[in-house]
Amino acid sequence: MESGGWPTLDRLLCLAWLAAILLIAATIALPIPAAAGGRVVRRWLCTIASRGKTFRSSSSKARFTVPQKFFLHFYVEGVVVTTSLLFATWFYAYMKMTPLVLESSSSSTIDNHHVGGSSSFSMANAWPSHPVEHKYRVWRTVFVLILMEIQVLRRMYESKYVFHYSPTARMHIASYLVGWLYYVAAPLTLASPCLPEAMSQARIPDLVIDLSHLVMPLLKLGWCQWIGMAIFVWGWLHQFRCHAILGSLREHKNSDEYVIPCGDWFSYVSCPHYLAEIVMYFGLLIASGGSSSSVWFLLIFVTLNLSFSAIQTHKWYLQKFEDYPFSRYAIVPYIC
């Protein structure tokens, strides 16, 4: 595989994320005159960002909506895409990238990677010049995809068994399509550091698999990966708790009654599940080593998109409940 494969994919993903980021940022920050369509653009973005309780569907727009329970489709897709990329990358790493460090490698190189690697957290977009560095890049990608797999599996379970969506809860068809695109683009972004070569050389490994070569390289990664995993797990656990709280608020599945959520990070912000999501993606960035520009853009997009949605939800809470705690922020305690 030629060295240009990964940078090309990474650049395409960067452009896609950048376009989405600029659309959200421009709509929020730029004073677009109403005559130039500013009001229409803002209303359109608010419609896409809204769902469920924050979505206001008029009769003329009702035909452009789908049930909010269709969220399950996103996570089924996410599981399929992430699992496919994980297996392809893991098999490639197992067949081509083991052992992780040869005994003949210098001790300085080995020590360097056990503390995260000299280039493991940079914005560089080139293939590593040293074979050992490239092996670490591939196994870091496997590590990050495993974390993503854990996330989409849990979200699929929650959408089916934890959340009790109101029968009147809707979302715009454009929001539905964006969700479909997102759960293809996000796993692709995390896999991009080695996906082209992995796909070009992927084949099913022998039936007899050496578990030490399949798992041990993951345990030999550097401190960036373990710190990133710790941050990811921290956010993952809080999102799990917050989703359990939200799911318990509607005891009667056919009820449209809403209750103020309390507990865990709800004591500080209106959308702690969004905050936890941002924390998880920050953990994924750290675990990835930060060498892929597209992963940085992914984190920026997630932060902007969820912040925008959180602000809309926070406004809805304030309008809906007269006794809503004014000490709560939208998504980041003491900031926003």
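Each Cβ is built from the backbone N, Cα and C atoms, and glycine gets one as well.
As the structure is a computational prediction, the values presented were derived from the model and not from experiment.
With helix defined as DSSP H, G or I and strand as E or B, the domain '3-oxo-5-alpha-steroid 4-dehydrogenase C-terminal' (224-335) counts 75 helix, 2 strand, 35 coil. The domain '3-oxo-5-alpha-steroid 4-dehydrogenase C-terminal' annotation in TrEMBL covers 224-335.
As annotated by TrEMBL, transmembrane segment applies to 15-36 (among others).
Look at TrEMBL and you will find 70-93 (among others) tagged as transmembrane segment. Using a Cβ-Cβ cut-off under 8 Å and counting only residues 6 or more beyond its ends in the same chain, the transmembrane segment (70-93) has close neighbours at 135, 138-139, 141-142, 145-146, 148-149, 152-153, 155-156, 159-160, 163, 165, 171, 176, 179-180, 182-184, 186-188, 190-191, 194-195, 197-199, 201-205, 214, 217.
Per TrEMBL, transmembrane segment is recorded for 136-153 (among others).
Among the features that TrEMBL reports, transmembrane segment is placed at 173-191 (among others).
Annotation source TrEMBL lists transmembrane segment at 211-237 (among others).
The transmembrane segment annotation in TrEMBL covers 281-306 (among others).
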Residue numbers, six or more beyond the limits of the transmembrane segment (173-191), whose CB comes under 8 Å of its CB atoms: 9, 13, 16-17, 47-51, 64-66, 70-71, 73-75, 77-78, 81-82, 85-86, 89, 141, 144-145, 148, 152, 198, 284, 288, 292, 294-295, 297-298
Chain residues in Cβ proximity to the transmembrane segment (136-153) (below 8 Å; excluding those fewer than six residues from its ends, i.e. six or more beyond): 75, 78-79, 82-83, 85-86, 89-90, 92-93, 96-97, 100, 113, 117, 120, 128, 183, 186-187, 190-191, 193-195, 198, 217-218, 221-222, 225, 228-229, 232, 236, 280, 283-284, 287-289, 291
